[in-house]
Amino acid sequence: MEYHWILLCVSLCFTFHPGDTKPTITPAGTYVVVSLNAPLELQCQGEKAMQWQREERPKVRGETKVDGKSTLYIPKAHPAHMGRYICLEETSQERASIYIYVKDPDNPFRKSMVSNILSREGDSASIPCLATDPSLENLQLKTCSSKALASGLHFSPSLEQGIIIHNTQKSYEGCYVCTGRLKETNVRSHDYHLTVRPVPVAPPVIMMQAPKRVILIRDESLYLTCNTTNVNGNIKLKWVAPLGSQPAKVDGSSRILTENFTQARSATLHIAAVRIQDTGRYQCEAENEKGVSTQSVWLDVFEKGFMYSNPVNNGTIQVRAGESLLLSVSIEAYPMPRSASWSFMGRGLHNTSDHVITTRSHEYTYSSELKLVRLKMSEGGVYTFQASNGDASVNHTFTIFVISKPEIVSHEGPVDGQVRCVAEGFPAPQITWYYCEQPYARCSQQVNATQEEQNVITVTLFSPLFGKTEVESRVNISRGRFSTLECVATVEGEQAFTLFSISERTISHDLFSPLLIGSVSAACILCLILIVLFYKYMQKPKYQIQWKVIEGIHGNNYVYIDPTQLPYDHQWEFPRKNLRFGKTLGSGAFGKVVEATAYGLANEDSMMTVAVKMLKSSAHSTEKEALMSELKVLIYLGNHINIVNLLGACTVGGPTLVITEYCCFGDLLNFLRRKRESFICFKLEEDCHYRNIMLQREMAGDSLNGYMTMRPSAAGKPSSSSSSEKRRSLREGSPYVEEDSESEMFDEDSLSLDTEDLLSFSYQVAKGMEFLTSKNCIHRDLAARNILLTQGRVAKICDFGLARDINTDSNYVVKGNARLPVKWMSPESIFECVYTFESDVWSYGILLWEIFSLGNSPYPGMPVDAKFYKLIKEGYRMDAPEFAPSEMYQIMRSCWDADPLNRPPFRKVVERIEQQLSDTTKHIYLNFSSRVPVMPRGREESSTHSMASQPFNSAGNNSPPSRPLLLHHEVFLEGTEPFRVQRV
């Protein structure tokens with residue numbers, strides 16, 4: 001027992017020796033509060049060497065050591081000295097600590113250089129809002145906007161550590177402040193912005209910029225790139241090459257995306273010259289905290305190029321005449337074929353409406369299809385597909401036999417007791433003979449008919465390899481008791497027949513009975529009524545687009561593009577729900593134009609006034625097709641400042657709606673008539689003062705079918721000083737015209753009209769027609785009623801036929817079975833129904849006469865009758881309108897030349913009118929035409945694709961017989977930069 005007490009005493013001596021005692025800090029306590037700029041002294045006493053540390057920092061300034069005691073002295077304390085100070089016994093690592101507060105009356109929270117807090121999702125985030133006074137109470141975390149904290153956010157407040165947010169989530173991101181109460185006063189820290197970086201939840205996704213299989217020829221270069229992203233930078237990306245392949249160079253790149261600090265990595269494997277042994281699987285591996293992802297590419301290296309064909313159809317095909325047949329060939333090739341063609345019996349085939357050739361390629365597969373539309377007998381034969389890529393070639397042949405119906409081509413008899421029947425068809429017709437007692441009846445369909453098989457001689461007269469086989473059959477007549485003999489030719493289940501009368505018999509019948517006569521008469525009357533109704537229906541005018549786009553010229557004949565065949569780009573589609581309709585701008589027999597507000601047309605927050613074309617609810621399918629054709633033509637033409645441009649369309653989920661620019665001043669004709677009283681005339685050759693022009697009653701009324709003006713017309717005399725100043729600023733470029741007052745500058749209804757305005761209208765219409773001509777487009781109804789005006793008195797050419805009732809419009813005269821604007825038509829259009837670019841030039845001359853007569857009707861006082869037509873043929877032309885300068889009348893006369901070839905093209909007209917414009921007007925037009933047009937969202941890119949159109953010289957064309965404008969699939973949208981104006 002005494003032995004145990006001795007062991008216990010010894011162990012206690014070793015356990016509680018003086019060197020293991022904990023250091024002591026003076027002053028005592030858990031914390032010390034020091035005033036701002038006051039001295040601070042801390043002493044640490046221990047058995048051995050002591051050292052001061054501050055929050056794990058190994059060194060602290062101001063420390064002195066003497067005989068196992070370490071003193072820390074700070075002469076002027078400030079908030080930067082706040083924190084936990086640790087006294088460490090260097091040998092035993094025993095420690096004691098104390099927290100120092102430095103009271104700052106102006107800053108209840110220590111100022112921090114850190115305002116942006118970055119944390120990983122799932123980690124804890126520390127907001128370093130340290131209190132300078134331990135008496136601060138109710139330390140809380142709030143958002144800077146005083147909104148409620150995010151759902152699920154938990155935090156721990158501490159005067160020494162600030163606020164610790166636990167398990168941070170992406171939804172916690174935002175601005176936070178620390179608040180508390182100090183001496184009955186609410187205090188708050190400065191703002192802290194918390195950013196939470198997400199952590200991956202799955203292995204990375206690899207995007208490969210290469211097909212699953214890559215084929216190369218020896219010594220070609222190999223580039224394989226794989227990409228991946230990760231929410232942080234802890235990701236690895238590498239390539240693994242197959243065994244036996246040559247060393248490959250791998251280039252890597254890394255960048256941080258602005259979205260959520262996502263890091264994007266890419267790795268590119270490069271072999272400058274591949275070898276056969278490089279064939280194999282190349283694997284890209286990406287690794288993050290959640291695992292590894294792989295994507296692989298198989299590389300095949302060949303000595304030279306190859307081609308392997310795989311015909312979809314059998315080599316020999318039979319098809320009925322009139323049916324269509326699709327021949328398909330699929331090729332695996334590398335490189336892709338340089339040449340591929342179809343031929344028929346050794347003659348090359350081209351893409352036509354009867355032979356439609358379609359080619360497709362994907363990676364290393366090339367396919368070609370030949371569609372034979374409604375095969376004819378003459379199209380039976382051998383079709384061959386050939387392709388080559390320089391290293392290899394393929395040749396595949398299809399043998400096509402066209403099955404035709406049987407046809408009795410000749411028959412004779414009975415002659416000398418024998419009848420003869422000749423039939424043709426493919427395959428060779430099978431001829432059979434039948435006897436029956438019924439006269440003039442098909443014996444083969446009778447129950448008691450007899451088939452003749454013994455006395456029949458059948459021979460083949462003609463049997464080409466491809467085409468109809470001609471077969472002759474003869475039969476000896478030996479059965480006098482039968483009255484009818486039938487020859488039946490059969491091919492593939494189809495029959496043709498002819499009947500022979502064996503003996504002449506008088507058969508009584510009541511062919512012309514009263515009942516039969518009455519039935520035939522009623523049928524004839526009914527047919528006559530149907531013919532009349534059909535004629536009346538065909539005479540009824542139908543809606544069609546006036547603008548015609550030329551595809552080619554054959555001699556002096558035009559070939560127009562079928563607008564139904566033009567493509568419709570669905571990027572022009574606009575949601576119906578974003579349209580709010582207003583008043584009707586114009587209404588006609590077929591449809592109407594309605595003012596509407598489009599929301600989100602240019603951008604998501606935009607609101608734009610537009611004009612919407614639509615058909616009436618009673619529209620027929622042909623009229624719906626015509627409106628769709630007009631939409632496709634507008635897409636094809638593209639944008640120009642002097643035509644009414646397309647903005648969008650609604651073709652899905654309801655009736656077709658065509659959305660175009662809204663022209664606030666209506667049509668030019670009514671605008672000119674409305675401005676007559678305030679017109680200011682000045683001519684180059686004489687002085688002319690302000691005039692009031694009395695409205696002629698027959699011209700003063702607004703057109704019944706015109707485009708409604710959406711701004712109030714000026715009343716009284718608008719020649720006030722303010723109008724003069726506005727006009728002067730518009731013409732001379734004074735500082736009155738500001739970008740911020742653009743709407744005020746364009747309030748043109750309050751301004752008068754002068755000769756410079758008329759020249760501007762003439763110039764703008766000529767520019768628009770020059771653009772349409774460059775697109776090989778003929779207008780066919782160019783007149784002031786089809787010119788609209790918008791802000792800034794910008795003239796825009798349109799086709800307003802949809803909203804005009806030509807049956808009630810006196811400008812359209814009945815000629816044949818159509819209503820035509822005869823007074824605007826050229827002689828060749830009136831007498832020969834020929835519409836050309838030059839006929840549009842003639843109509844433009846009439847339009848000039850309308851402009852400089854301020855809206856008078858052409859050929860005033862002359863009805864359209866036989867005398868009118870005679871005068872036009874004899875060369876009668878109108879005199880100069882009252883307000884036309886001499887040069888403008890000379891342009892009119894040149895437009896009215898009897899020889900279409902002598903009429904100036906619109907390019908020359910533009911040059912001549914531009915010489916008469918003032919520099920101010922030119923400058924204004926250049927400003928307008930150089931502006932970027934308002935394009936709907938998503939159309940800018942699509943509008944960059946254009947079809948290269950080359951204008952034709954229409955009249956008296958001496959070119960080769962055919963000059964196609966559109967080659968098969970080369971129909972695209974009009975390109976960008978339609979608003980650049982070249983100055984002459």
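Any Cβ shown, glycine's included, is placed from N, Cα and C.
When the residues ASN260, ASN957 are compared with Swiss-Prot, the one annotated as N-linked glycosylation site is ASN260. Within the set CYS129, CYS144, the cysteine that Swiss-Prot bonds to CYS175 via a disulfide is CYS144.
Same-site candidate for Mg(2+) binding, as annotated by Swiss-Prot with TYR558, ASP799, chosen from ASN578, ASN786: ASN786.
As annotated in Swiss-Prot, CYS421 shares a disulfide bond with CYS487, one of the listed residues CYS443, CYS487, CYS524. Of the cysteines CYS87, CYS129, CYS178, only one is given by Swiss-Prot as the disulfide partner of CYS44: CYS87. Reviewing CYS129, CYS284, the cysteine that Swiss-Prot connects to CYS226 via a disulfide bond turns out to be CYS284. In the three-state DSSP scheme, ASP799 (Mg(2+) binding site) falls into the coil class. Helix first, then strand, then coil: DSSP counts for the domain 'Ig-like C2-type 1' (23-97) stand at 3 helix, 40 strand, 32 coil. For the modified residues TYR560, TYR925, the largest tally of other C-beta atoms within 10 A is found at TYR925. Nearest in space to TYR925 (phosphotyrosine), taking C-alpha to C-alpha distance over the binding-site residues TYR558, ASN786, ASP799, is ASN786. TYR558 (Mg(2+) binding site) has a Cβ environment of 20 other Cβ atoms inside 10 Å. Per DSSP, the secondary structure of the domain 'Ig-like C2-type 4' (311-395) breaks down as 3 helix, 51 strand, 31 coil.
If you take the Cα of ASN786 (Mg(2+) binding site) and the Cα of TYR560 (phosphotyrosine), they are about 22 angstrom apart, rounded to a whole number. Within 10 Å of the C-beta of ASP799 (Mg(2+) binding site) there are 21 other C-beta atoms, taking all protein chains into account.
In this structure the alpha carbons, written CA, of ASP799 (Mg(2+) binding site) and TYR560 (phosphotyrosine) are 18 Å apart.
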